[in-house]
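Participant: This is the structure I want to talk about, given as C-alpha cells.
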Amino acid sequence: MFSCFNNLGLDYCYQCMHGPEGCMVPSRQGDGGELYAHSEELEAKLRGLAKKESLEIEKSLENDKKTYGSHIKILILGGPSSGKSTIFKQMQIIHSNGFKTEQELIQYRGLIDTNIRQTYRQLVSGARVVGISLESLESLVHDINKVYAPMAADEFSIRTIPDVVEPLTAFWNSREIQEVYKRRYEFELLDSTKYYLENLNRISKSDYLPNEEDIVHSRKATVSINSIVFQYTGVSLLMVDVGGQRSERKKWLHLFDDAKVVIFVIDLTGYAKKSEESRTELSRFPNFFNEIGNDAFDMKVALKIFNDVAGSHALANAVFLLFFNKVDLFKELLPQVSLQPCFSKFAEENSYDNTSKFICDKFIRAAKPKKSVFPHFTTATNTENIKMVFRACMESVFKANSKATGLS
C-alpha cells in the first residue's frame, strides 16, 4: 500500500517517479521494511533526475544573472514541511508586488478550495487513526462526500466551498472533530486547517478573492525552482527557493557556492511528528536511515539535513540564518506532547523557554564551530513577524565578518 496513490489518486509518484506498481515510497502504516527493496533502481533514477535538476537549476540561475545582474544570493533550505515556501511568499508580499492580479487571486482561490478539501479528508482519516467514531456525523459526512467524493484530492479547477459550507461548518464544530483535532500530531494534517475552517463563511461567498493572509496559509508542494529579486536598503538581493528539488542535495548544491546567505527553516512542531515527507527524505538517503532510523521524528530529520548542509564545502562562506518556525503551533502543542520522546536527553519542564532553548542549542551545535549562525524564532504566516525578523537577520548579516559574507 503506497500512500501517494491511496491519498492523492495520482498516476505516478512525484517522489520516486514510479507508477502504482513500482512506487518505492512506503505508506506511514508500513513497517519500513520495503524502504530499500529497490534501492539500486531508485538510486539510478535519482542520478538521472539529479543531472536533469542540476541543468534546470543552472539554466535558471544563468537566466537570473542575465536578467538582474549583480546581487547577493540568499538560498532557502529546510526540513520537511517547515514553511520554506511560506517564507518565500512573505518576501513577495513585503518586498515585491505581492499577489494582486486577478489571475493570481483566482489561482490561489482554487488552491485554498483544494486545501480545505484536503483538511476534511485528513480529519476523517485521522479519526480512524486515533480511534474516534464519527457515526453520529454520518449525515454530515454523507452530504460533504456527495460533493467531494468524485474529485481528486489535488483538483482545484472546480469551486466547491459554497456547496459544502453548511455541513462542513457543522462537521468542524462537532465535539468529535474537535477531539480529533486535539490529537492532530498523531496523523497528517495541514497546518492551515483551523484557519480555513474557521473562515468558511467568508471563503464561501460568491465574490470571494483571497487576501494575503489567506494566501500565506495556502499549501502546495513545491516542485520547481522559485526566485525573486528585490532591493533592501539599497542592496539587490536574489532569493532562491529550491524546496522542490527531490534529488540528493550534494548533486546540485555546488551550483550555489556563491550564496552569501542560507535561510534554513525548521518546523518546531516536528518534534512530535513523523510525516510522509520525512520518510521520503530517508528513502532517498540511505545514510540518513543508517544514522537515525526509518521512523524518525521530523525534527531529527531536519537536524540531520542541517548538519549535512552546514558542513557542505559549497556553502563554506555563507552566513546561516536559522528560522525556528511555527512558534504559534509549537506553543499550542507543548502542553500535550513532551519533547522527551524526540530528544531522550531532554529532562526539564516542558515549557516554551526550556524546549526552545534545547532545540536551538541542538541545531547550533550541529554546525561547524566557526560557522556564522544566527537563530530566530518565527511564525511564517505572520507578515509583521517575518518583516521584523528579516530586518534583524539582514542587520546580523551586514555586520558579519566581511570575509565570510562579502558584503562589506
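Just so you know, the numbers here start at 1 and follow the chain as drawn.
Backbone N, Cα and C define each Cβ position, glycine as well.
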Participant: Out of 313-320, 321-328, which range is noted as region 'G4 motif' by Swiss-Prot?
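Facilitator: Result: 321-328 is the stretch Swiss-Prot calls region 'G4 motif'.
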Participant: Would you mind telling me which of 127-136, 227-236, 237-246 Swiss-Prot tags as region 'G3 motif'?
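Facilitator: Comparing 127-136, 227-236, 237-246 with Swiss-Prot, region 'G3 motif' matches 237-246.
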Participant: In Swiss-Prot, which of the ranges 214-222, 268-276, 286-294 has the region 'G2 motif' annotation?
Facilitator: 214-222
Participant: In the structure shown, which of the binding-site residues Ser85, Thr222 has the fewest other Cβ atoms within 10 Å?
Facilitator: Thr222
